[in-house]
Amino acid sequence: MKFFIATIFATGALAISVCPTGLYSNPQCCGANILGVAALDCHTPRAPILPGALFEAVCSDEGGKEPLCCTIPVAGQDLLCVAPVGTA
């Protein structure tokens, strides 16, 4: 029984997203982030992004871009972006 409960908690910990739910829920790889207000040259990462260190690696491999969690992306630009959980 203890193993079962520990497994449930471990599974839940693995499912935590690097981007918060709600407003900043869109993971993006961006070329420039201007004071967290505007991000330029953004696109959705080509690979799944769990955990945060993997998100950094994926964006870095895609042209040295910065991983960000943003509001709704429009035409390669995002407004209001924050750093993802688990990144430097």
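Including glycine, each Cβ sits where the backbone N, Cα and C put it.
Over in Swiss-Prot, the protein carries these features:
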SIGNAL    1-15  signal peptide
DISULFID  Cys19-Cys69  disulfide bond
DISULFID  Cys29-Cys59  disulfide bond
DISULFID  Cys30-Cys42  disulfide bond
DISULFID  Cys70-Cys81  disulfide bond
Among Cys19, Cys42, Cys69, Cys70, Cys81, which are recorded as disulfide-bonded residues, the nearest neighbour of Cys29 (disulfide bond) by Cα:
Cys42
At the level of the C-alpha atoms, what whole-angstrom distance separates Cys81 (disulfide bond) and Cys69 (disulfide bond)?
5
Specify the secondary structure state of Cys42 (disulfide bond) as given by DSSP, simplified to three classes.
strand
In the chain carrying Cys70 (disulfide bond), residues 6 or more apart in sequence that have Cβ under 8 angstroms from it:
Tyr24, Asn26, Gln28, Cys30, Ala39, Cys42, Asp78, Leu79, Leu80, Cys81, Val82
Taking the Cα atoms as reference points, how far is Cys19 (disulfide bond) from Cys59 (disulfide bond) in Å?
14
Enter the number of other CB atoms within 10 angstroms of the CB of Cys59 (disulfide bond).
27
Cys59 (disulfide bond) versus Cys69 (disulfide bond) - Cα distance in angstrom:
12
Please report the three-state DSSP label of Cys29 (disulfide bond).
strand
